[in-house]
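Positions annotated as active site by Swiss-Prot, on the basis of sequence analysis: LYS14, ASP134. If you look up Swiss-Prot, you'll see PRO94, MET95, GLU96, ALA97, GLY98, LEU99, GLY100, GLY101, GLY102, SER103, ALA104 marked as ATP binding site.
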Amino acid sequence: MEQNGSTVVRAYAKINLSLDVVKKRDDGYHEINSLFQNISLYDRLSIVKIDRGLEIKSNVEIENNILYKVWDLFCEKYKEPEFGFRVILEKNIPMEAGLGGGSADAAALLFFLGKTFKIPTSELLNLAIKIGSDVPFFLIGGTAVVKGKGEKIEPLPALKGYYVDLLTSENGISTKEAYSLLNPSLFNRAPCSPYVLYEAYKNRNAGEIKRCTYNIFEKVVANNYKEIMANIKRLRRTHITAALTGSGSAVFGVSFRDGKYKFVSRGVEYEETKL
């Protein structure tokens with residue numbers, strides 16, 4: 001949609017159809033094994049040229065916003081352009097919910113800068129992992145198996161015909177806090193690999209989808225966040241499957257027939273362009 005000559009980029013939320021932690025690395029990061037899926041809930045970034053630098057306006061608090069980190073790292077690597085940008089960020093993705101909103105926004109700005117200055121995706125991916133562990137996925141988007149700390153991404157053919165409902169909690173969970181509560185004895189406990197779960201979705205096998213849905217962080221929230229576990233149980237009564245996404249606090253339910261959101265095949269994309 002054209003907004004006063006701006007370029008509008010959509011940044012889509014993600015859910016983790018499965019999420020396991022393999023190990024904690026010596027550098028403090030955790031290695032994951034997960035099936036990521038973008039959904040049709042999105043933030044909107046309206047971007048216009050200005051004389052210099054990066055300005056951000058938003059409907060939420062923007063202090064230390066990840067978009068500043070994107071700009072700083074981009075300018076550090078490629079030198080600051082002769083002109084800058086104003087970003088009007090319309091936040092619709094709940095924060096601290098495990099839906100990847102901040103990472104999606106970062107990828108959206110990186111995507112825009114890459115297109116504007118003709119930088120190949122391979123270079124953008126190298127920059128993305130320095131911004132945040134989930135950012136590379138959003139540059140690729142859709143359906144993918146994600147490993148390592150988020151930098152190992154295997155895109156898979158898009159899953160279609162699935163719908164999603166979300167329930168959020170009043171109290172968000174910071175990723176750092178959630179990982180700090182993980183006990184190594186919980187690592188590598190997923191009942192299926194992400195590939196087995198993907199095939200179950202591909203074949204629309206409801207029983208196998210339910211069996212293979214897994215999120216290691218449910219072991220953490222079970223003892224500390226009763227409201228979240230209640231939300232999972234609520235969605236499991238009405239959907240094929242339901243689980244926590246990311247490290248929480250949002251939970252999702254998947255359906256064949258209807259839902260507020262649907263699976264999408266992009267992490268970021270232009271809504272309409274006019275620069």
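Easy rule for this one: first residue shown is 1, then count along the chain.
Glycine too: its Cβ is placed from the backbone N, Cα and C atoms.
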Near the ATP site, what residues other than PRO94, MET95, GLU96, ALA97, GLY98, LEU99, GLY100, GLY101, GLY102, SER103, ALA104 in the same chain have a C-beta no further than 8 Å from the centroid of the listed C-beta atoms? ALA13, ILE93, GLY246, ALA250
Hey, how far is GLU96 (ATP binding site) from LYS14 (active site), Cα to Cα, in Å? 13
To the nearest whole angstrom, what is the C-alpha distance linking LYS14 (active site) and GLY102 (ATP binding site)? 11
Write down the Cα-Cα distance for ASP134 (active site) and PRO94 (ATP binding site), rounded and given in Å. 16
Residue pair ALA104 (ATP binding site), ASP134 (active site) - Cα distance, angstrom, rounded: 8
Would you mind reading off the Cα separation of GLY100 (ATP binding site) from ASP134 (active site), to the nearest angstrom? 7
